[in-house]
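The feature domain 'GPI ethanolamine phosphate transferase 2 C-terminal' is assigned by TrEMBL to A:502-940. The transmembrane segment annotation in TrEMBL covers A:12-31, A:507-527, A:539-563, A:598-619, A:639-662, A:674-692, A:712-734, A:741-758, A:802-821, A:841-868, A:889-912, A:924-945.
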Amino acid sequence: METYLKNKKLTALGFLLIHAIAILIFTRGFLLTRTELPFHSTCSDVSLSPCLASPRSNHDSSSGQSNQTQPKCWTKPVVDRVIIIVLDALRIDFVAPSAFFPEPKPWMDKLTILQTLAFANDSSAKIFKAFADPPTTSLQRLKGLTTGGLPTFIDIGNSFGAPAIVEDNFINQLVLNGKRLVMMGDDTWTQLFPNQFQKSYPFPSFNVKDLDTVDNGCIEHLFPTLFKDDWDVLIAHFLGVDHAGHIFGVDSSPMINKLEQYNSVLEKVINILESQAGPGGLHENTMLIVMGDHGQTLNGDHGGGTAEEVETTMFAMSTKKHTTLVPPEFDTSSCKQNKDGKQMCISYIEQLDFAATLSALLGISFPFGSIGHVNPELYALGSSSWNLDKSDLGNFGTQSAANEWMKHYVDVLCVNAWQVKRYIDVYSNSSVVGFSSDDMSRISDLYSAAEQNWSNSVKHILMDRNGDDGSTDISALLKEQIAEYLNFFSSVVELARSKWTEFNLNLMITGFGILVISLILQFLAVFHGDKSYAVGSWLSTGAAFTLFIVTIRACSFLSNSYILEEGKVANFLLATTGLIKLRYSVMRKTMRKEAFMFLAMVFVLRVSIDIGLTKQAATSQFMSSSPSWMLGIAPDHPALTYAIEIAPILSVVILICVLYVAIAKAPNEGVWKYVTVGSMVSYFFIALLWASESKIFGLDQLLQVTGGRNRIPQTVYVIGLVQLCLLASARMFCTEKDKNWAIRTVALVSACSSPIILLSGKQGSMLALVYLVAGYCIMRLEGVERRTKSDGQSKFSKLNPLCVVQWSLLSICMFFASGHWCAFDGLRYGAAFVGFDEFVLIRQAILLTIETFGFSIILSVFGLPLLIPFHSQTPQAHGEKRHQLFQMYMLFGVISATTVTATILCVTIQRRHLMVWGLFAPKFVFDVVDLILTDLLICLASAYYL
Amino acid sequence: MKEAKEKKNPEISVSITISTWGAFAVYVITGLFLIFGFHVVRNKYSVDLISDPTLTLRLLWIIEFPIVVIIYSLFRRNPEKCSYFRAVGRSLVGLIAGALINALGAVSLGAPIGMQSLSKTIHWSFLMSVFTVVPATAVLGASWIDWHRIFASLKPIGIIEHMLLVPAYGAIIGGWFGAWPMPLDWERPWQEWPICVCYGAIGGYIGGQMVSLLTLLSEHKNLKLA
């Protein structure tokens, strides 16, 4: 018997391991992670590169450029000022002419000013089709644009909670190089870059229904700023199109109005620029970039990786009226003819290359983590500035002008390639999960080949300014070198994409498969493990109903709507089980009071979940629920304030009384009893803390007496730890095993509950009371469908699975009722600082975990034995009960595992869904943590109880 | 109405028994009145369940309630002791009590409890009461033992008790399933409380009627064969 039980304990451990492995494998395939490196590029770094002896130094002096006063960093600056206008969620078909698309739609050809400029003869403007890497949410995209990297769902960095970018980025480099920045519009920028802007006019971005505040604020500040000379880089971020898409969709009149408004704004901006573009003018050498951060679907959604979402656009224009023609080998433009037969071309750029290209244009060091390369066409737009002089001076003709441009470009690419290689090397060495050595050696080979070519031939051409060699010869060499560099870049980007943006479906399916197998094993363990104690037969109504509830809940995860309203769904199912129990209790004419009480508790939880949902709706971008109910009392009514202050304290007092009754009934049980008394002391402290925090008791001085607000919580934590140690040692050294285990359960649960209640805040005690009453009702109602009044005291009966399902549903409801939801903004970060002021990662993370999963997992797993009605105290019954308890734990584990398997299936199916990063991935993370924690606690609990 | 009156005489003469065909006729009449109710709502008031759920539900139960009471009171227990009008009177009490029970059940399952949905909830629960509790009060009265036997233990005796039990459970189960589309983000007007629950309940009610008819028919056959 003992060895048998030992095996069972190992079973629990085995399932923990299987689940951990399955989830680890799945996560490797699904949750792409990237380590943020804390390194920064500096101007002096370039001396380490092979491009050190670049000919530009003598080049500069010989051509007598005026900007020698400006210290050169990595590359020579080619534009003086940059205006970046970001139009959020700008689809490619908003900007590109309708001739590029199968059929014209009402929202096309609205930004006519951009088209006119780009397709004018001898223009210095270009329209690009820009590719944004998923996840296509504004925050991730801005991060990607500025760092030149590929932000993933989880960037492992040291920013806990705050979104500020830690990695080296374009904005940071601008500041380091003494450029002055002005920002206006979306306040995401100021969250990402809290200190970098010299001037900023942020406007709140989260009110999706507001189409105009951000845009009008932008416009108000944009035009005056254009006439000032106290900035080098201007960023204006308009949100109207994004919001119009979210609310009305793309095909709507507000969207078209917005686009027309933007057209007039851009027209005005360009007029100002052109009026100031003369020699010595403010915008003599300015580049204007109008770009989207990502696209949107016709419904206005974005976040995923569909073509509509990742295809956005970029318009770039230089105020200098001359453009170098890019050699056709590096020209990516695709051309169409419009109705008048006019040739129109749009080029292609990746947003990944934005940071590198702009850094090269402005002549600053490239962000450390950028893996993009300098885009030839965008670079050519700006690089007209020096070619103008040359072609006039020497009159070499276009061929030689092109050669001249390529010389510059290849030099820039040399620095660029060196910087990317450096990042890849450093990342691979310092990251937890770096690149594989095969990939690394392939990249290194490509790089060294390009480098070889560079040092052997091209470098000398660049050094040698006397162009005696045939220009075609030089041109061919340069082209070959550029092609080699581009080849290197493309393989780096391919590798990075496969690592950071593509799901590994094989790993995902393997993980899912292992989980399904473990689920089947668990089911076998529950239903066939031990015939005499197993959960009824498959055909019993209780088992069938259990299966139905678990299945319908699992199926509900296949839709995003049910995930959003998971709390309500769980509550609905819990109430359904309550009604079924009520029917049985009416039928058996027993326990009717308990059944009604249970429904009442479900109602309380439901109100609490409703309140939580309104909180969620306030921050979630997917929900627009309005509070479905309103109390008729004004929120600051004095009676209500008193009730809110007193109710939590009253609940704590009731809990103390309950504990007292629980231990007073039991015979003297030594250490278990003392532990419970310790919890009562903890509860008392909690009540004291809350009483002193509220104003109505006049206990303000108490805080001073006890030494600040942190003293009491810390005392409660210490008491809790001591209790747990006592319980563990008592379990280990106490030889008599046939003790009454109700008191043991009470001791453990009460020891855990005091910190949880403290961390949950004032609602905690009331919820704990609701949980207690509901749990009591479930225990009383267990097996009500078989039991009649007469045989209520009869011998031990088989386990009814329905009560375990109820308990599990109740714990899920508790998670939502305590104001959580499955998103990272659903975490109550404040709880991490109860009792502590300073931040220590591990300690605060533990507190946050306890707060988040306290009611839903810790108390529910440890409290499960309370569900077994204790009728007889004979040793034999005790042995039976231990088997039954194990069975219950297995069942509880199966229910959690089924939920997680359903979530994982859903995530696998919906991995291309637009809400995958906003909704499914957080849900997945929460469920996975939930499962592992449940398994772990089941192991601990079976070690403690069995 | 005419049909009901025609039936009145032969039915009463055979006291409280009813044939399978009688059950069929009762179901057809209640079903026709449900359709009639929808017809009135659409043509007289030119609204429907989606545009004005409160008015529609009110009209529906006001039209359906009398016919249910009139028909089921014919089959009341102990017709000698209990007059027809007494059966009608107690079904009025049953209407209110049943509405209360249904409303409480709906709220515990998650029906909105705001002031703006109060009238909808009230009229929905009256309609549910007409489907579930009213026929049983008309027939059984306050006989708790019968109630307990039929609705809790699910052991109906005879055709009429079968007719009380199956459609009532059908309406409840239909309503339960009808609630599932509510959280979906299709943004259709019929996803509002209580429209789809109401459709579900009506569907379940009619489904329950069909199921009970089929079981009655098969039992009938078995009896004949025996």
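Note that Cβ sites are derived from N, Cα and C of the backbone, with glycine treated the same way.
Keep in mind that TrEMBL annotations are predicted by a computer and have not been checked by a curator.
Same-chain residues lying 6 or more positions outside the transmembrane segment (A:598-619) and placing a CB less than 8 Å from one of its CB atoms are 206, 564-565, 567-568, 571, 574-575, 578-579, 581-582, 625-629, 763, 767, 770, 773-774, 777-778, 781, 810, 813-814, 816-821, 823, 825-826.
Between the transmembrane segment (A:924-945) and the transmembrane segment (A:741-758) there are 3 or more Cβ pairs closer than 8 Å, counting only residues 6 or more apart in sequence, so the two stretches are in contact.
With a threshold of 8 Å between CB atoms, the same-chain residues lying at least 6 positions outside the transmembrane segment (A:802-821) that come near it are 542, 545-546, 549-550, 553, 566-567, 570-571, 573-574, 577-578, 580-581, 602, 605, 608-609, 611-613, 615-616, 760, 763-764, 767, 770-771, 774-775, 778-779, 781-783, 827-828, 852-853, 855-857, 859-860, 864, 867, 888, 891-892, 895-896. Taking pairs at least six residues apart, the transmembrane segment (A:507-527) and the transmembrane segment (A:741-758) share fewer than three Cβ pairs below 8 Å and do not count as touching.
The average pLDDT computed over the domain 'GPI ethanolamine phosphate transferase 2 C-terminal' (A:502-940) stands at 81.
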